[in-house]
């Protein structure tokens with residue numbers, strides 16, 4: 001009560017922020033007449049003037065009124081569009097390291113030009129981040145004329161671009177690209193082998209469009225660059241044949257529960273577990289298939305990899321559904337983003353899950369991957385010096401933005417008041433009744449000429465609604481991951497009178513739905529349109545626009561509630577843009593995933609008490625409240641998961657930053673000999689300590705062991721035992737110095753042969769390769785540690801603290817291994833004279849030619865079979881070992897194909 005009273009007196013924090021910013025808006029408006037008087041050249045010259053003032057020490061913030069006034073005037077001249085006052089407010093919010101919540105249709109793209117221009121003045125670069133390539137390209141091309149008019153360069157960063165083009169894009173003042181591509185470029189830069197290979201500059205200012213989608217929905221998805229691991233595709237196929245024999249166990253509280261299933265499914269946690277009966281059956285089936293020996297257990301240490309395959313196959317069959325979680329296209333399994341309904345080409349599930357789904361669908365199984373580098377979006381975007389974002393729906397997630405990214409959320413008022421009618425939810429007992437009610441609603445509204453947008457949560461659901469509409473004879477467009485290419489075109493025309501469009505989730509975000517359709521799209525479809533044609537198209541559009549307004553604007557139908565209220569609000573936000581009329585309603589059934597998992601008991605109890613008849617709907621504030629509570633439950637659970645993920649990833653992040661910073665320092669220096677000398681001393685000290693403990697008696701020394709170790713690991717053959725026999729007075733310290741001196745002397749002799757410059761280059765290459773190899777192994781070890789660490793809770797230990805402690809110990813051990821491996825590799829390397837190198841190169845070429853010839857002779861995989869075939873082809877007696885090889889290489893059989901048989 002007291003908080004409400006104080007808010008009334010002083011206004012909310014949001015109100016106070018906007019009140020402060022409105023003073024700056026008044027200043028910008030006051031400058032407008034002055035800006036209008038400037039010629040184009042004078043307006044363009046303002047950019048250089050601002051840059052000069054920043055160089056002299058003025059802050060970027062002090063330029064806000066003038067810079068925003070310049071951009072507004074330039075926009076009027078280039079686009080014929082003037083920034084509204086609310087867009088100026090949005091621009092200031094974005095410059096203030098905040099999230100700007102701006103409703104759909106309020107012109108977020110135009111708003112972004114203000115802070116992008118202002119922050120690019122410092123010359124450090126601005127990254128505008130979008131959710132897909134289409135939007136990145138569209139926004140860059142749309143805004144390019146404005147920025148270039150003001151003397152700013154614009155770059156586009158797209159997947160598959162060559163490194164020089166990427167470097168050019170990043171060198172631009174303002175760069176447009178997708179979140180994935182920025183993250184992958186960061187990882188690739190930290191895997192580069194020369195400074196010239198890097199493409200990014202220092203991360204300065206990121207302006208994230210659809211910030212909720214990127215920083216919240218995708219926060220649990222790490223970006224991973226991986227390389228192929230060993231091939232185990234046959235095992236996935238074998239295990240996949242077994243899974244259909246297993247029966248799913250019903251929930252214990254269900255009417256049909258008998259306790260006879262082979263595996264249970266936890267839909268909330270997305271987990272599958274074998275029951276005791278299931279374990280017995282699967283072990284029998286594995287023995288029958290010859291995959292496991294009789295009498296063995298699936299849980300024995302030797303069968304860990306087999307258990308991994310079984311779990312992956314079970315998850316693929318029980319939790320992942322075709323046309324919901326993935327689609328199969330051109331013999332490939334492509335993931336569908338659960339939040340956007342878009343396909344994610346090139347993304348693969350980890351832990352063998354993708355291979356298990358490929359086996360289930362009978363497509364080619366690709367190799368498992370090993371992680372080479374990874375980062376989460378949470379940690380990537382926190383690397384920027386300055387971060388801001390905009391979206392139509394952020395307020396429900398304001399707490400998360402604040403606690404994880406330290407970003408406040410400011411709700412920017414709309415330019416015109418919102419008049420959309422949001423109707424209460426209708427709840428039906430079954431899915432079929434719900435679909436029927438939706439069809440009736442669509443019939444009724446389209447008969448009056450009202451356009452309808454139907455939002456579904458998966459491709460499968462969109463196709464169910466589509467089939468029913470076809471049966472009812474209603475023309476419609478379907479927009480889902482399968483029809484991704486014509487997305488913008490379908491969305492642009494979804495406002496046509498009586499148009500019916502079915503879209504998964506937020507597909508088509510970023511494209512406005514214009515009431516009456518898009519006249520611009522019609523003009524663009526014509527080749528060289530005349531003035532008369534354009535005038536006619538505009539007149540026709542105006543008539544359609546007025547008809548749709550009279551029919552009540554765009555009507556939104558939600559076929560199901562999403563786990564997150566924010567995504568429901570995004571669907572609603574497609575209607576009622578810029579003060580247009582509109583309406584929305586959600587249709588639910590007790591069979592919907594959200595209702596079944598989180599809200600079923602209370603709501604179905606209410607419905608039974610009310611004595612519902614088939615086809616009847618319940619529409620009651622209690623039900624709406626129960627559903628909202630279910631969504632809150634899911635949201636808070638998902639927030640906890642993301643927060644916990646971040647706490648664990650922060651540990652890895654500190655290590656990643658340390659490794660990447662060390663790696664970049666290494667890349668930027670040309671001479672690492674001082675580092676090599678320093679770590680050589682450390683390595684030899686630690687190695688000698690293992691065999692000659694410091695300050696110990698000679699009887700405790702293991703001289704044969706030390707000699708063997710020095711020979712095997714450092715290619716150093718030293719007669720240490722002889723030294724000690726001949727020089728009884730040789731004490732421990734002198735012995736250490738002599739071993740190290742011998743090692744340095746041997747290394748210097750190698751350097752004299754190849755030259756100092758070549759040796760420095762080689763040292764750097766060895767350090768980089770060893771670091772990358774050990775970091776890759778460390779990432780895998782951290783992953784295994786992370787997966788099992790929760791079990792420490794049973795021992796009354798805090799898993800997070802245990803993870804921090806153990807991962808630090810692993811990191812320290814990795815750094816020690818790095819030193820050892822580098823010195824060992826450099827010591828063991830064989831240096832050749834130029835003539836020897838040339839001879840080896842000739843031999844390598846001959847070997848390559850011989851292999852090429854073998855491939856022509858036979859397409860079989862097994863080279864030993866090639867040799868046997870050749871013997872058979874000659875039709876002669878068995879080839880003697882010293883006979884010429886029949887492949888025609890000119891070598892003896894024993895030195896050629898004979899070696900392989």
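Placement of Cβ uses the backbone N, Cα and C atoms for every residue, glycine included.
Swiss-Prot lists 87, 105, 106, 107, 108, 109, 512 with the feature ATP binding site. When other Cβ atoms within 10 Å of the Cβ of residue 107 (ATP binding site) are tallied across all protein chains shown, the result is 19. Classification of residue 107 (ATP binding site) by DSSP places it in coil, neither helical nor stranded.
What Swiss-Prot lists as Zn(2+) binding site is 885, 887, 896, 897, and the listing cites sequence analysis.
The Cβ of residue 108 (ATP binding site) lies under 8 Å from the Cβ of 90, 100, 102, 209, 390, 392, each of which sits 6+ residues away along the same chain. Taking the binding-site residues 106, 512 in turn, the residue surrounded by the fewest other Cβ atoms inside 10 Å of its Cβ turns out to be 512. Of all the binding-site residues listed (87, 109), 87 sits in the most crowded Cβ setting, with the most other Cβ atoms within 10 Å. DSSP gives residue 87 (ATP binding site) a helix state.
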